[in-house]
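Student: A single structure is presented below for examination.
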Amino acid sequence: MIDHGLEDTTQRKRSKGGWNAAIFIIFVEVAERFTFIGLASNLIMYLTDELHEPTSTAAKNVNTWVGVSCVFPIVGAFIADSYLGRFQTIVVASFIYCTGMVLLILSVSVIPWHYRKALFFFALYILAVGEGGHKPCVQTFAADQFDQNLPEEKKAKSSFFNWWCFGIMDHISWVAGFGTLASTLGVSLAIFLLGIKRYEKQGPIGSPFTKVVQVFVAAARKWRVNDAHGVLGVCFGEKLNDVQVEAQPTVAQNLAHTKQFRFLEKATIIDNIDASSESRNPWRLCSLNQVEEVKLVLRLIPIWLSSLMFGVVATNISTYFTKQGSTMIRSIGPHFQIPAASLQAFVGITIMITVPLYDRVLVPITRKFSGHYSGITLLQRVGIGLCISLLTMVVAALVEAKRVSIAKQYDLVDNYKEIVPMSVWWLLPQYILSGLADMFTFVGLQELFYDQMPESLRSLGAAAYVSVLGVGSFISSAIISIVQAISSSCGEKWLGNNLNRAHLDYFYWVLAGLSALNLCVYVWNAMHYMYKKLEGDEILASK
């Protein structure tokens with residue numbers, strides 16, 4: 001017999017959410033990505049040409065700013081889940097973002113020259129604060145518009161992560177360029193607010209870290225307790241009356257019991273102190289389900305660590321790739337010259353072309369063979385992207401070696417301000433490969449850290465995948481410093497201002513080697529990874 005009351009309730013609930021709501025959120029993400037990437041793409045040119053910083057210093061400054069922008073979302077996730085909620089955090093972050101853009105425009109226009117550099121960097125890090133609030137919330141808020149319990153919406157959510165990536169100035173005035181970015185951001189905020197009545201909203205759910213810390217504290221407090229002495233039972237529920245001394249739980253669990261990280265299960269042991277208490281002390285006794293949620297987080301850490309080299313490689317798109325292009329022939333016709341940073345558009349163009357092909361062609365075909373709702377597993381998708389990222393560095397090294405050989409052929413080794421007679425389109429393959437790597441790895445990480453995180457920690461999961469780029473940027477800066485120090489001690493700078501005399505190709509080979517080692521570590525981690533499993537159900541995603 002059909003419960004029509006329940007059916008009506010479901011229909012009322014779904015009057016909100018779904019693609020009708022997610023599309024508004026995608027608009028604000030498109031604008032934010034347009035602003036962030038537009039700024040990051042041109043930043044190294046502004047630092048070297050306008051602020052006259054050495055190339056290696058400018059590259060490290062870009063990496064540091066990108067790193068802070070991509071690590072600060074961890075703080076944003078904490079604020080959203082503990083205090084504001086995701087929707088409110090997005091709104092506040094968007095206003096902070098607009099404020100930063102206004103300050104950036106002032107720093108390149110009306111502010112006196114001797115104050116410009118200080119205000120410019122201050123504005124950059126105001127933008128990083130806005131990025132920190134925006135990034136972890138907007139993707140999870142959009143994905144929350146789909147009901148995981150409905151099969152058709154589960155498939156739509158997987159498709160959403162693909163299309164989310166789909167959504168995402170040195171020859172014009174810097175004021176006009178930054179002004180365009182700011183205007184785009186303002187329009188997108190207005191569009192986002194237009195959809196306010198369509199959103200499924202969640203309020204603050206408490207600190208995402210508290211329950212994780214509680215498990216470790218409770219396990220440590222019962223470190224000496226063993227099965228032979230002092231064990232009265234196991235806690236299967238969240239409430240005191242769910243604390244049982246029987247061998248079987250009295251309530252169904254959301255997550256199935258796993259055998260990894262068994263030391264954490266000490267937190268579920270009921271001893272005499274717990275049994276005599278009128279209420280459960282969460283810092284002394286945790287439910288089995290809470291422990292399993294912490295295990296989910298711990299299982300993702302090796303995957304996160306072995307994805308960092310992807311972030312290291314990606315930083316070169318907005319730094320050394322751009323500087324390479326600035327030394328090459330970029331003219332189209334007699335009167336027009338392509339800005340060096342504009343080639344980064346091919347990363348986005350590649351994503352725009354390949355995402356529909358992947359989602360509408362590759363996924364249905366592979367789904368028939370694998371039976372997996374995403375065609376291939378999330379870890380397989382990330383691994384393919386890491387392979388392409390490695391190939392990107394190999395191609396970039398070969399192209400740079402070709403550029404340097406032509407510079408030597410035309411006696412331009414010491415005339416580094418002269419244009420090397422080599423077309424900038426030689427760089428196109430490495431930009432296309434970067435776009436393909438993004439489509440596989442970055443989108444795969446987005447869905448992995450959303451799907452495999454406990455529901456209460458999904459904002460933190462979004463922050464975690466973004467931090468791959470942030471920590472990767474910091475690692476990239478460290479590698480640059482190490483390479484500079486070692487190469488200088490050997491008598492030649494690989495990363496000097498004069499790219500014709502430097503050995504940027506050697507640097508790319510170093511990154512290719514590190515990427516190959518990292519790929520081996522990733523494969524090992526992926527082979528030992530255990531996907532989230534629900535009690536009584538099949539594994540949500542299989543290796």
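Each residue, glycine too, has its Cβ placed from N, Cα and C.
Just so you know, TrEMBL annotations are computer predictions that nobody has curated.
These came from TrEMBL, pasted as-is:
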TRANSMEM  21-45  transmembrane segment
TRANSMEM  65-84  transmembrane segment
TRANSMEM  91-115  transmembrane segment
TRANSMEM  172-196  transmembrane segment
TRANSMEM  296-318  transmembrane segment
TRANSMEM  338-358  transmembrane segment
TRANSMEM  378-399  transmembrane segment
TRANSMEM  431-450  transmembrane segment
TRANSMEM  462-486  transmembrane segment
TRANSMEM  506-524  transmembrane segment
Student: Would you mind listing the long-range same-chain contacts of the transmembrane segment (65-84), meaning Cβ under 8 Å and 6+ residues beyond its ends?
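Tutor: Those are 36, 40, 43, 92-93, 124-125, 127-129, 131-137, 204-209, 311, 315, 318, 456, 459-460, 462-464, 466-474, 477, in sequence order.
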Student: Look over the recorded stretches 338-358, 431-450, 462-486, 506-524 and say which has the most C-beta pairs under 8 A to the transmembrane segment (378-399).
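Tutor: Top-ranked stretch among 338-358, 431-450, 462-486, 506-524: 431-450.
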Student: Rank 296-318, 338-358, 431-450, 462-486 by Cβ pairs under 8 Å to the transmembrane segment (506-524) and hand me the top one.
Tutor: 296-318
Student: What stretch in 338-358, 431-450, 462-486 has the biggest tally of Cβ pairs under 8 Å against the transmembrane segment (296-318)?
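Tutor: Highest pair count goes to 462-486.
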